[in-house]
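Peer 1: One structure, pasted below without further comment.
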Amino acid sequence: MNTLFMHCRPGFEGEVCAEISEHAARLGVAGYAKGKPQSACAEFVCAEAEGAERLMAQLRFAQLIFPRQWARGSYIELPETDRISVLLEHLAALPVFGSLWLEVLDSNDGKELSTFCRKFEVPLRKALEKAGRLVDNASLPRLLLTFISGRRVFVGVAEANNSALWPMGIPRLKFPREAPSRSTLKLEEAWHQFIPREQWEQRLGDDMTGVDLGASPGGWTYQLVRRGMLVTAIDNGPMAESLMDTGLVQHLMADGFTWQPKQPVDWMVCDIVEKPARTTSLIETWLGEGLCREAVVNLKLPMKQRYAEVRRLLDRMEATFKARKLKVSIACKQLYHDREEVTCHLRRLDLKPRK
């Protein structure tokens, strides 16, 4: 159980290694990180047997930026036949589990294995239940089996309340046909990632106002409109007619980096292609001056030192708000629908409740 296994977007293995290594050093967990480029996974091999468990106990998964999913455990080799017996034998030393997820890597090889996993899950689930290794109890640890091939699997453990919301950290969101661009899924995923479902009515209500900076053609505006918000769309480019026809959108031809609302709004969202430092300044202005209560903003990443740059900008925001004596929660994640970017969620915690 001394290895921490993490899924990620292909090409971001180095960022996962840098991020987890920094946390491990801070927490005094000895070990080393490794990740093969484009493999869609990375691991932190701990020097001590309980190292991975310590890391997971002292970190909140939601605070990690680049890992999509994590689990502590080890690899085992499986025979061509009777894989279940070998797995049961290995699991005898582990706790009873409250749920089971079979996972594959987000790679071509992984996608080919997904059919095998679907077929294998039913008999495996039955065998685990019969052996008393799997019960229906959300408070118990989750068993995460990541198949590298039909013969090699990472047998992992994670707490259901401190790991990804979905298998492999990949949400099953359906692209709405009426949305003007696929980028709409980024904002929908952000709602799921950053706002507990039971708070949606309160924090994403139809009595709210929103601003979309760099809105054209309206992929993110669509999500705000879908929640029933009155939206001001800022962009010199055109907006989809279907959105304008709702009567909920006011389109202003202006620069998203200079325009400001006359009255504070509930939400500001922004997916402009710009250097991340400039976008960070925009965030600091909007949250710092109380122009919005909450914001979802994408930071486009540089080619090199991507984790270091994100960390620097997040630390800068935190220091800026602290210096102004403002209470702002800051979260950041590379979402499944993100590309060379990360998504930030910010919320003012010190404003009076809405009337």
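Cβ from N, Cα, C; glycine included.
According to Swiss-Prot, the protein carries these features:
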BINDING   SER183, SER216, PRO217, GLY218, GLY219, ASP235, ASP255, ASP271  S-adenosyl-L-methionine binding site
ACT_SITE  LYS300  active site, proton acceptor
Peer 1: Let me know the largest Cα to Cα distance in Å among the S-adenosyl-L-methionine-binding residues SER183, SER216, PRO217, GLY218, GLY219, ASP235, ASP255, ASP271, as an integer.
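Peer 2: Answer in Å: the longest Cα-Cα distance is 20.
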Peer 1: Within the chain of GLY218 (S-adenosyl-L-methionine binding site), which residues six or more apart in sequence place their C-beta under 8 angstroms from its C-beta?
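Peer 2: ALA179, PRO180, SER181, ASP212, ALA233, MET239, ALA240, LEU243, VAL249 - these are the non-local Cβ neighbours of GLY218 (S-adenosyl-L-methionine binding site), listed in sequence order.
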Peer 1: What is the separation, in Å, between the Cα atoms of GLY219 (S-adenosyl-L-methionine binding site) and LYS300 (active site, proton acceptor)?
Peer 2: 17
Peer 1: Taking only the Cα atoms, work out how far SER216 (S-adenosyl-L-methionine binding site) lies from LYS300 (active site, proton acceptor), in Å, as a whole number.
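Peer 2: About 17 Å separates the two Cα atoms.
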Peer 1: Listed binding-site residues are SER183, ASP255, ASP271; which of them have CA atoms within 10 A of the CA of LYS300 (active site, proton acceptor)?
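Peer 2: Candidates kept after distance check: ASP271.
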Peer 1: Long-range same-chain neighbours of ASP255 (S-adenosyl-L-methionine binding site), Cβ under 8 Å, sequence gap at least 6?
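Peer 2: Set apart from ASP255 (S-adenosyl-L-methionine binding site) by at least 6 residues yet with Cβ under 8 Å, we have ILE234, ASN236.
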Peer 1: Inside 10 Å of the Cβ of SER183 (S-adenosyl-L-methionine binding site), count up the other Cβ atoms and send me the figure.
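Peer 2: Excluding its own Cβ, SER183 (S-adenosyl-L-methionine binding site) sees 19 Cβ atoms within 10 Å.
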Peer 1: Just how many other Cβ atoms lie inside 10 Å of the Cβ on PRO217 (S-adenosyl-L-methionine binding site)?
Peer 2: 19
Peer 1: Name the secondary structure element type, per DSSP in three states, that contains LYS300 (active site, proton acceptor).
Peer 2: strand
Peer 1: Check the DSSP secondary structure of SER183 (S-adenosyl-L-methionine binding site), expressed as helix, strand or coil.
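Peer 2: Note: SER183 (S-adenosyl-L-methionine binding site) is coil by DSSP, not helix or strand.
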